[in-house]
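S.K.: Pasting in a structure now, in structure tokens, and then I'll have a few things to ask.
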Amino acid sequence: MVHSFKYIIIGGGVSAGYAAREFVKQGVHPGELAIISKEAVAPYERPALSKAYLFPESPARLPGFHTCVGSGGERLLPEWYSEKGIQLYLSTEIVSADLAAKFLKSANGEHFDYQTLVIATGSAVIRLTDFGVIGANAKNIFYLREVDDADKLYEAIKRKKNAKRVVVGGGYIGLELSAVLKLNDLDVTMVYPEPWCMPRLFTSEIAAFYEGYYANKGINIIKGTVAVGFTANSDGEVKEVKLKDGRVLEADIVIVGVGGRPQISLFKGQVEEQHGGIKTDSFFKTSVPDVYAVGDVATFPLKLYNDVRRVEHVDHARKSAEQAAKAIFAADVGKSVEEYDYLPYFYSRSFDLSWQFYGDNVGETVLFGDNDPASSKPKFGTYWIKEGKVVGAFLEGGTPDENKAIAKVARAKPAVEDVNQLAEEGLSFASKI
């Protein structure tokens with residue numbers, strides 16, 4: 001049997017939910033749109049999995065964090081899709097795609113055809129087994145991407161109360177999971193190869209604050225080395241992590257967060273690629289007519305910096321999906337929409353900490369404020385200056401208005417005459433823009 005739709009979204013993550021909402025706003029008719037997802041649940045806000053989902057008390061659970069609550073919008077329950085005439089194909093994995101013929105095939109043999117396709121397949125976690133790490137297939141080595149992953153991890157946390165946890169990776173997932181494990185009053189060690197945490201974004205000064213804060217919370221941090229092997233007990237459960245520097249760590253549970261890869265293998269050789277993703281224009285149109293790509297998989301023009309980027313973050317997943325849906329409907333009636341003009345935005349929350357970053361982290365940096373990890377209420381930030389202009393801004397502990405101010409600075413790119421004066425002014429500089 002062939003299922004025919006005017007529009008199909010392949011992928012059921014954050015982008016799918018926000019695209020569906022925008023399709024409805026634009027006037028999609030019942031029966032025109034389908035979402036095909038290999039997950040068993042309707043689109044949800046993925047960031048919850050490394051935060052509130054694992055809280056020791058009152059943990060978040062579906063349906064509480066279906067899209068689009070993450071941006072303050074309506075929660076789109078499965079019934080919402082039914083009411084709007086949107087077909088959800090859950091637990092359905094697409095195994096082949098013919099973009100020229102506009103044809104998809106699922107693992108269970110279902111066939112789909114479409115007029116317009118939105119690729120929203122997101123990223124897959126990088127696994128240590130991909131690199132042939134010895135023992136990396138032992139039980140109780142976890143990765144976190146989907147609700148099923150979080151459920152398995154949560155069960156292990158509750159089952160092994162006095163276990164030793166090792167978190168491999170010093171990025172978003174590593175930092176957020178280490179914090180939530182500590183909130184569960186667990187023994188936690190972080191291991192990562194870089195000289196400091198979050199090296200793609202943080203300066204050494206910013207990282208020093210978070211590493212100090214985590215250490216004060218009792219988290220052991222081991223930097224500059226990697227896991228090269230694991231040993232298991234007679235039940236096949238992990239018991240040790242072997243590090244490249246020769247150290248061996250006891251571990252009953254290991255959580256790996258070493259990044260992701262965009263899931264574009266279905267479309268290899270059919271679409272133009274760039275920077276590891278699918279090349280798109282400012283409307284997320286690909287090189288193939290009537291095919292769009294959004295979220296993690298899209299490499300798009302970053303107008304603000306006259307550059308081309310691929311961005312793995314929930315904010316872009318939401319906004320790119322909305323842009324594509326608007327562009328699709330505009331094209332259907334011979335109209336156009338404004339080009340995507342994205343301001344890069346990243347954020348994280350852990351313990352009592354909350355930071356936001358806007359813009360580009362290139363050039364000279366200026367640190368301001370109180371970045372002492374022992375402070376009762378730390379509040380500090382950093383500006384990035386390139387060619388005499390502020391191009392990026394970071395703030396820990398900001399109020400909503402202060403966070404809006406640093407976003408405004410990053411967008412406006414004001415000139416800086418004296419970096420020492422900028423350091424003295426700190427947040428007040430942003431408030432004046």
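For all residues, glycine too, the Cβ spot is worked out from N, Cα and C.
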S.K.: Swiss-Prot has Gly12, Gly13, Val14, Ser15, Glu39, Arg46, Lys51, Ile94, Arg145, Glu146, Asp296, Val314 down as binding FAD; which of Tyr340, Tyr342, Tyr347, Tyr358 does it also list for that site?
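M.R.: The one candidate that Swiss-Prot places in that FAD site: Tyr347.
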S.K.: Suppose a student reads Swiss-Prot and sees Tyr172, Ile173, Gly174, Leu175, Glu176, Gly259, Glu312, His313, Tyr347 listed for NADP(+). Which of Arg159, Arg200, Arg247 should they find annotated at that same site?
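M.R.: Checking Arg159, Arg200, Arg247 against Swiss-Prot: the NADP(+) site match is Arg200.
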S.K.: Would you please pick out, from the binding-site residues Lys51, Arg145, Arg200, Arg318, the one with the fewest other Cβ atoms within 10 Å of its Cβ?
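M.R.: Each of the binding-site residues Lys51, Arg145, Arg200, Arg318 was scored by Cβ atoms within 10 Å; lowest is Arg200.
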S.K.: Looking at the binding-site residues listed here (Glu176, Arg318, Arg349), whose Cα lies nearest to that of Gly12 (FAD binding site)?
M.R.: Arg318
S.K.: Considering only the binding-site residues Gly259, His313, Tyr347, Arg349, which fall within 10 Å of Glu176 (NAD(+) binding site) when distances are taken between Cα atoms?
M.R.: Arg349
S.K.: Given the binding-site residues Tyr172, Gly174, Arg318, find the one whose Cα is closest in space to the Cα of Tyr347 (FAD binding site).
M.R.: Tyr172
